[in-house]
């Protein structure tokens, strides 16, 4: 007989009489104690099934139905819903804003990065072009400098030849001194007055060999030797007027005329392609030891100009 079929009492008809059970010594161990059947065939291990207890309805607290309690409940529910909605809206808004901001920021960043990259690249290219232009200029400048030096040396030769030719002409040709004297006398603003003429001693000898003493007296010329001036120079004092006609002025006049008629222009490296006036950039006066002024003029000035400003003094150009 199985123990599963026992329900409190054991039926006698369920155990056949021909089956004998072996009797063994009872076990006195507490842990291994097994339930035994009583005289009434009752199984001590059987327990009655537990009946589920019906829940006891709690009594209604009528205090919760008061207006203040209902207002508290309503306010608590409102705050709880508000907090829940705020948390949910904040989370959803944060996720949506982060997504949209990421897309917008990516587009803006790419655009700004492209513009900045183009600007930096342009500046880098311009910087490299400037370095390249400087290198090319350093390469081409020696050639331009050599051309300039050649022009300057040629001009120096021309100046020296001109000076030598003029000095030789003054020494060998008396007509130069006579023509200079005639031009200086003609430049005086008044005639019929005595003229004091300063000449180099050798030039005075040339003039006296051509003009007799009577003609010199008729012209009212008075020659005074002045060794400090050069051959061909002349200074005339007539009343309040002075004529100062020097050889260096004539040399300067010839050189300036030569420079104005022989303008040589060299190729400029600028974008416009304008040339550089070589002859005009060379200081002619620095190449000639006897030339001190840039302008070419023969003038007469009043000898009393520094003494009195009230007089009108003529300016004479030859």
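Yeah, the Cβs are placed from backbone N, Cα and C, and that goes for glycine too.
Taken from TrEMBL as is:
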type	residues	note
COMPBIAS	305-318	compositional bias 'Polar residues'
DOMAIN	128-254	domain 'Flagellar assembly protein FliH/Type III secretion system HrpE'
REGION	298-318	region 'Disordered'
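Within the model, the domain 'Flagellar assembly protein FliH/Type III secretion system HrpE' (128-254) shows a mean pLDDT value of 81, rounded to a whole number. For the domain 'Flagellar assembly protein FliH/Type III secretion system HrpE' (128-254), the DSSP-based tally of helix, strand and coil residues reads 82 helix, 20 strand, 25 coil.
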